[in-house]
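Chemist: Taken from Swiss-Prot, the feature L-serine binding site applies to THR235, ALA236, GLU237, GLU289, SER389. Residues annotated as ATP binding site in Swiss-Prot, with sequence analysis given as evidence: ARG266, SER267, GLU268, GLU353, ILE354, SER355, SER356.
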Amino acid sequence: MLDPKFLRSELEMTAERLATRGFILDVERLSKLEETRKSLQVATEELQASRNAISKSIGQAKAKGEDVAPIMAQVGSLGEELDAKKTELAALLEELNAIAMSVPNLPDESVPTGADESENVEVRRWGTPKEFDFAVKDHVELGENIGGLDFKNAVKITGSRFIVMKGQIARMHRALAQFMLDLHTTEHGYTEAYVPLLVNEDSLLGTGQLPKFGEDLFHTKPATEEGQGLSLIPTAEVPLTNLVRDTIVEEDNLPIKLTAHTPCFRSEAGSYGRDTRGLIRQHQFDKVEMVQLVKPEDSMQALEDLTGHAEVVLQKLGLPYRTMVLCTGDMGFGSAKTYDIEVWLPAQDTYREISSCSNMQDFQARRMQARYKGKTDKKPSLLHTLNGSGLAVGRTLVAVLENYQNADGSITVPEALRGYMGGLKKIG
């Protein structure tokens, strides 16, 4: 969430910057609420001061042998009035907090202004799409012909947007995840983590999925008097980032770089009718996630580094891609700046997103109270948090199948994966 003090003091400027994201901040309502808050705050403080002053006079009256009943009655009356004002103030602060929770992050000044994805800006491109001398097949046809992608049984077992993988395809899927983890831990300096696939509401609030995006989640256990509800993770970003919730990290331990391979679960509530064929948009999919926790002055360079780490995966696999900086109107809710990496898919004759790398700055950290402190610092400061896919495993499998297909329907195994597949050079 945004800094409430900054939001109140820079209301007009904040509204202007949020408008570039297509978010309309109700300035008039917030201004009125802020005026009321100030008034209630002053009234509460004045009542508290009056009550304290009169309470002190009780002892003095007793010492003089005077009747303290009238003073006690006055203190009681002030106490009731004070409690009423405190209740009113608490309700107002709760309303202001709810508004703050619904406001997206401010775009960084380096982000291009635009309304939607059509105004994203390409920053670089790597590799040249292969020209095939035969009619290319898409990953669905390739995988089904090999006997490794079974959509029919997935529908029977669960429903649409699920997959059963078997044989050499399942092995390649596993090999891709292992390759990514090994690359990030041995060459990019990340620490591998194994994390829960179920998270509570505080965790989802911390990273920004709640309260705004609850419909995108698979909820497995509702909240009760005994505890919070639990939901399946939409991304390992949630458990990884929440490792520092309510924590003060020593500055010497920064940066913290974490990676994890997990299944991810998304209802795709807003994606009806999109990418209904194949593995591009599934309710359950695997992803290798990267998270960095850094000092504020280091976060923009960390975003460049993290994006580069995701790009190296594609380079080592020999998959052509382009990197886009998202415009203000296409960024995620909590992001201050995002790069999307899009891989070339021959069957679609276009680039498709395979990784999204974002700098959240202190947006998540403020929600989580994730802070750091140097040896000479008097007070802790908020961390900056970053996350990115390194990569989406299923979409990477799609890219390998389509880019490495042969005329006979077989798939050449990329050299980077052969050590993970027993030396196989082809499958199918």
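Any Cβ shown, glycine's included, is placed from N, Cα and C.
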Chemist: Just the number: how many Å between the Cα atoms of SER356 (ATP binding site) and ALA236 (L-serine binding site)?
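Modeler: So the Cα of ALA236 (L-serine binding site) lies 13 Å away from that of SER356 (ATP binding site).
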Chemist: If one measures from the C-alpha of ALA236 (L-serine binding site) to the C-alpha of ILE354 (ATP binding site), what distance in angstrom results, rounded to a whole number?
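Modeler: Cα-Cα, rounded: 16 Å.
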Chemist: Could you check which of the binding-site residues (THR235, GLU237, GLU289, SER389) sits closest to ARG266 (ATP binding site), going Cα to Cα?
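Modeler: Smallest Cα separation from ARG266 (ATP binding site) among THR235, GLU237, GLU289, SER389: THR235.
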Chemist: Kindly assign GLU237 (L-serine binding site) to one of the three DSSP-derived states: helix, strand or coil.
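Modeler: For GLU237 (L-serine binding site) - judged by DSSP and reduced to three states - the answer is helix.
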Chemist: Just the number: how many Å between the Cα atoms of SER389 (L-serine binding site) and GLU268 (ATP binding site)?
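Modeler: Pair distance, Cα basis, whole Å: 18 Å.
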Chemist: Would you mind checking how many other C-beta atoms are within 10 angstroms of the C-beta on ILE354 (ATP binding site)?
Modeler: 27
Chemist: Are there any residues at least 6 positions away along the chain from SER267 (ATP binding site) with a Cβ closer than 8 Å to its Cβ? List them or say none.
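Modeler: Within the chain, SER267 (ATP binding site) has Cβ neighbours under 8 Å at GLU215, ASP216, LEU217, PHE218, HIS283.
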Chemist: To test your reading of the L-serine site: which residues beyond THR235, ALA236, GLU237, GLU289, SER389, same chain only, put their Cβ within 8 Å of the Cβ centroid of those residues?
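Modeler: For the L-serine site, the extra neighbours are VAL238, LEU240, ALA260, THR262, CYS264, LYS287, VAL288, MET290, VAL291, ASN387, GLY388.
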Chemist: Which one is closest to GLU289 (L-serine binding site) in space, judged by CA to CA distance, out of the binding-site residues GLU268, GLU353, ILE354, SER355?
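Modeler: The smallest Cα gap between GLU289 (L-serine binding site) and any of the binding-site residues is with SER355.
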Chemist: Round to the nearest Å and give the CA-to-CA distance linking GLU353 (ATP binding site) with THR235 (L-serine binding site).
Modeler: 16
Chemist: Specify the count of other C-beta atoms within 10 Å of the C-beta of ARG266 (ATP binding site).
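Modeler: So the Cβ neighbour count for ARG266 (ATP binding site) comes to 20.
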Chemist: Reduce the DSSP letter at SER356 (ATP binding site) to three states and note it down.
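Modeler: Its secondary structure by DSSP: strand.
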Chemist: Given THR235 (L-serine binding site) and GLU268 (ATP binding site), what distance in Å do their CA atoms have, once rounded to a whole number?
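Modeler: Cα-Cα distance, THR235 (L-serine binding site) to GLU268 (ATP binding site): 13 Å.
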Chemist: If you count other CB atoms within 10 A of each CB, which of GLU289, GLU353, SER389 wins among these binding-site residues?
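Modeler: That would be GLU289, with the most Cβ atoms nearby.
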Chemist: Work out how many Å separate GLU268 (ATP binding site) and GLU237 (L-serine binding site) at their Cα atoms, rounded off.
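Modeler: Cα-Cα distance, GLU268 (ATP binding site) to GLU237 (L-serine binding site): 17 Å.
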